[in-house]
Structures are given as structure tokens and as C-alpha cells.
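Database features, via Swiss-Prot:
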type: REGION; residues: 1-63; note: region 'Disordered'
type: COMPBIAS; residues: 1-10; note: compositional bias 'Gly residues'
type: COMPBIAS; residues: 41-54; note: compositional bias 'Gly residues'
type: MOTIF; residues: 96-103; note: motif 'Nuclear localization signal 1'
type: REGION; residues: 173-264; note: region 'Disordered'
type: COMPBIAS; residues: 173-194; note: compositional bias 'Low complexity'
type: COMPBIAS; residues: 201-210; note: compositional bias 'Pro residues'
type: COMPBIAS; residues: 221-232; note: compositional bias 'Low complexity'
type: COMPBIAS; residues: 233-242; note: compositional bias 'Acidic residues'
type: COILED; residues: 285-328; note: coiled coil
type: REGION; residues: 348-435; note: region 'Disordered'
type: COMPBIAS; residues: 356-366; note: compositional bias 'Pro residues'
type: COMPBIAS; residues: 379-395; note: compositional bias 'Low complexity'
type: COMPBIAS; residues: 411-434; note: compositional bias 'Low complexity'
type: DOMAIN; residues: 434-492; note: domain 'Myb-like 2'
type: MOTIF; residues: 472-479; note: motif 'Nuclear localization signal 2'
type: REGION; residues: 530-587; note: region 'Disordered'
type: COMPBIAS; residues: 538-547; note: compositional bias 'Polar residues'
type: COMPBIAS; residues: 559-568; note: compositional bias 'Polar residues'
């Protein structure tokens with residue numbers, strides 16, 4: 001018997017001979033179901049008799065037939081309670097405890113799932129039962145049919161009979177298949193006794209006229225088939241075991257698929273929620289960044305507007321300051337011209353007294369202190385020393401007309417502080433521009449004429465022009481030595497062209513405003529040197545025309561005064577050519 005119980009797999013293989021005696025179509029279907037059940041975990045051995053015992057078989061995933069029948073009996077007994085109760089969980093706990101009393105350890109959840117699977121398979125079998133034989137569609141069909149068709153009051157009395165008959169079937173049909181008949185009564189004798197004992201109080205309501213034919217028809221359908229053929233009942237048991245295995249495998253697979261499907265749905269749900277949260281977070285981040293960019297742009301716009309306002313304000317202030325500076329310069333120039341006109345007609349001092357300024361000349365130094373005192377002190381110390389050398393040279397020749405010309409060095413000394421004051425007050429905001437203002441040209445002429453004796457000596461001319469540039473910077477004019485030299489050459493060339501034209505220049509000529517100044521300087525050099533080596537700086541026409549050279553100096557003085565008195569800011573015409581013959585020796 002132990003060999004039959006333990007080697008259930010070999011005995012199932014030996015069952016091929018009765019199965020092969022069936023019709024080909026049914027044989028093929030049963031073989032396919034049997035192979036599927038065998039692949040799921042050796043279903044034939046478990047369905048043969050449960051040689052491992054009820055306790056060991058109940059702990060696995062498969063439900064043996066006896067355990068399933070016990071579950072159906074307990075569920076049938078409690079059918080009315082299940083129908084009336086709203087909460088089913090405590091009832092399934094009670095079903096689990098009853099199964100534990102019978103020796104089957106199953107949780108309430110497992111019991112509920114098993115019953116639902118059996119009920120589902122019953123409904124499916126009932127729908128497709130028309131094309132099959134009675135009793136071969138599903139081995140628990142009769143029990144479930146009785147459970148679903150009986151009224152609630154008689155369900156507790158009917159189900160024990162419908163369940164008790166299949167339990168005794170292996171003993172009645174033990175002759176054809178010793179594999180199922182011999183191990184079951186001996187190894188599991190106690191559980192069937194408990195079943196019979198548990199259903200001893202139920203026999204009184206057995207004689208039911210309405211349900212009698214139902215039970216006989218349903219319960220003994222397999223017996224009728226077994227009496228028709230000697231091997232029929234055992235084949236039905238085999239088929240039901242295979243069906244149970246198929247149901248168990250399919251239900252487990254469906255359960256797995258259902259669990260997997262439920263998990264997939266939950267995952268999809270969570271993924272959707274996560275996606276929504278991420279999208280909202282991204283949208284919030286984008287809006288936050290847009291707000292930051294907008295605020296930054298607004299701040300930049302405000303800063304740009306403020307900068308534009310500041311630039312406009314500074315431009316207005318600069319314009320006002322330049323206008324005020326121009327007005328003050330013109331006012332100072334008018335005052336100086338008035339003083340020059342006054343002093344030019346009243347001052348007649350000898351050259352020896354030129355170092356001691358008379359009382360009428362005290363106001364101009366006061367004006368220079370008010371306008372710009374530091375550049376005046378430096379310019380006077382540098383300009384008075386070289387200019388004093390001109391009278392010393394003029395004293396040497398004794399010609400008679402030297403007396404009228406003796407006033408010219410004094411007048412130049414008077415004019416130089418005044419010109420320096422004008423230059424210091426008219427310092428332009430762009431001293432390094434390409435155009436030279438009138439005051440700057442006059443300052444260059446004064447500095448260059450003051451260094452004429454040094455230019456006559458054999459000394460490097462570059463150092464002298466550097467000194468002139470330094471003196472110009474002290475006076476407020478930013479000109480380098482090269483620019484000063486080029487400007488000096490240009491004004492001498494322009495003076496030569498104007499002189500060669502032999503046109504009578506008016507006293508208020510706007511072009512070449514420094515003509516009279518240069519003319520006066522050149523005339524003084526002719527008279528002082530006597531036409532010697534210093535005549536190289538004089539133009540050719542001045543050498544050839546003694547009449548013009550002997551022109552009275554008073555006219556030149558008046559021209560100089562009128563030139564300084566005019567407040568016009570007209571500049572000289574630009575000269576592109578370089579001097580070719582003027583002052584070769586001096587430069």
C-alpha cells in the first residue's frame with residue numbers, strides 16, 4: 001500500500017491503458033489536460049490518494065479533493081449565515097477554524113479564494129455543460145449545484161448527503177483501481193470517520209420529497225456510468241482529478257496574472273501620479289525662473305534708465321559749466337582788452353624801468369590772481385627773462401628811429417601777463433584736440449619768441465621744443481614737442497603766404513589773427529640785428545621792401561591791441577603744407 005501511495009506518479013502512467021480505450025477525441029483532450037496538470041507540479045500523485053497525509057498536503061498550494069470537499073461541506077452548512085451576514089471576514093475565519101479541526105491548515109483568505117475559484121469554475125462549466133456528459137465536466141459540480149439550487153433553509157441538510165456520497169465512492173469502486181482504493185481507506189481512515197461523525201446530527205431532515213430526485217440524479221450519475229461500464233467510475237475520478245489539477249493550475253495562473261495585473265495597475269497609477277507631480281514641479285520651476293528673469297530684466301531696465309538719466313544730467317551740467325566758462329572767458333577778455341586800450345595810450349616808460357611796474361599796472365596782476373594765480377607766476381618768470389634780452393639787443397644800434405621802438409618791449413611785457421591770463425581762463429576741456437584755439441597759438445608764439453636767442457645758438461632744437469611743451473602744459477595746454485613744432489612751422493608758412501600776397505590787411509581781419517603779432521616780432525628782429533644773421537627768420541619780401549620794414553612801430557602796436565581786443569574765437573585756416581624756406585636757421 002505504501003508503494004501505491006508513494007509512487008502515485010508511476011501508477012498514473014500505468015493508467016494509460018484504460019484512457020486509451022476511450023474515444024480518440026476525449027482521449028486527446030484528457031491527455032492534454034493531464035500533461036498540463038503534470039507540468040504544474042505532479043498533480044497525479046496528489047490526486048491519487050494523498051499518501052503524505054492530510055496535514056502535509058494542506059500546507060501546499062494545491063487543495064486535495066478531501067480538503068476541498070470539507071470546505072464545500074462547511075460552506076454549505078454556513079450558507080444561510082453567509083447570505084444574511086454583511087461582513088464575511090469573521091465567517092471565513094470560522095470556516096478556517098473548522099478546517100483546522102478537521103486537520104487542514106488553511107487561512108481564511110485561502111478558503112475564500114478557493115471557494116471563489118470553485119464557484120467560478122462551476123459557473124463556467126454550467127454554461128458549457130450542454131456539450132459534455134453529466135458528471136465529467138467538473139468533479140464538484142453536483143455539490144455546487146446542490147448549494148446553488150437549494151433554498152437557504154434546507155441548504156444545511158442537503159449538502160452533507162451530496163458530499164458524503166463521493167467520500168464513500170472510493171471504497172465502492174476499489175476493485176478496478178487499487179491505486180485509489182487501497183491507500184485511502186487505511187491511511188486516511190480517521191478523517192472520513194470524523195466526516196461521518198460530524199454529519200451524524202444531520203440525517204433527520206434527509207427525507208425531502210423535493211430534493212430527493214435531485215440528489216439521486218446528481219450524485220449517482222457517476223454510479224450509473226460505472227454500472228454501464230466496469231471502469232467508468234474510476235475513469236470519472238481520474239477525469240475529476242485531472243480537472244481539479246487543471247482548475248488549480250489555471251486558477252493559480254489566473255491568480256498570478258490577476259495579482260500581476262493588479263500590481264501593474266497600481267504601478268501605472270503611481271507612475272501617473274509621479275508624472276503629474278513632476279510635471280507640476282517642472283511647471284512651477286519654469287514659472288519661478290520666468291519670474292526671476294522678469295524681475296532681473298526689470299532691474300536692468302531700471303538701471304539703464306537711471307544711467308541714461310545720470311548721463312543726461314551730467315551732460316547738462318557739463319554744458320552749463322562750459323557755457324559759464326565761455327561767458328567768463330569772454331568777459332575776462334573784454335576787460336583785458338579794455339585795460340590794454342587804456343594802458344596802450346597812457347604808458348610811456350623807458351626800457352630801464354620795465355622791471356619796476358608802475359602803479360597803473362597793478363590792477364592786471366590783481367586780475368591774474370583772481371583768475372588763475374599759479375600758472376601766471378610760472379609763466380611770468382619764464383617769459384620776462386627772454387623778452388628782456390630783446391631791448392638789450394636793440395640798445396646796441398644807434399639809429400634815430402630807435403626811440404619810438406623802445407616802447408615795444410615794455411608793451412610786450414604788459415601784454416604777456418594779460419595773454420597768459422586769457423590762456424589760463426580759456427582752458428578748453430579738450431586741450432589735446434587737433435585744432436588750436438587763438439589763446440593757445442598766442443601762448444606758443446610768446447614762448448617761441450622768448451627762446452629766439454637760444455635758437456640762434458648751436459644747441460639741440462629738440463630740447464628747446466620739449467621746454468616749450470612743458471611750459472604749455474604748465475599754462476594748461478596739453479601739447480607735445482612735435483605738435484608745437486609743427487604748429488609753429490604752419491603759422492610761419494601761412495604768415496609768409498599772407499605777406500607775399502602784398503594785400504593790405506585790415507586791422508580787424510578774421511583770417512590769420514596772429515599776423516600782426518608775428519609781423520611785429522619780425523620787425524623787431526630786423527631793427528635789433530641790423531639785417532645780419534637774424535634775417536634768416538624774416539620772409540624774403542621783407543628783405544626786399546625797406547619801405548615796409550621802416551613802417552612806424554606805432555601802427556604795429558595799434559594792430560596788436562586791436563587784435564587782442566577782438567573777442568572773436570575764429571581760428572586760423574588749416575595748413576597742410578610744411579614750411580620750405582622760413583626760419584631754416586632758427587628751426
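Note: Cβ is positioned from N, Cα and C throughout, glycine not excepted.
The coiled coil (285-328) scores a mean pLDDT of 94 in the predicted structure. Residue counts of the motif 'Nuclear localization signal 2' (472-479) by helix, strand and coil are 3 helix, 0 strand, 5 coil (DSSP-based). Counting residues per DSSP class in helix, strand and coil order gives 6 helix, 0 strand, 2 coil for the motif 'Nuclear localization signal 1' (96-103). Within the domain 'Myb-like 2' (434-492), the DSSP-based counts of helix, strand and coil residues read 44 helix, 0 strand, 15 coil.
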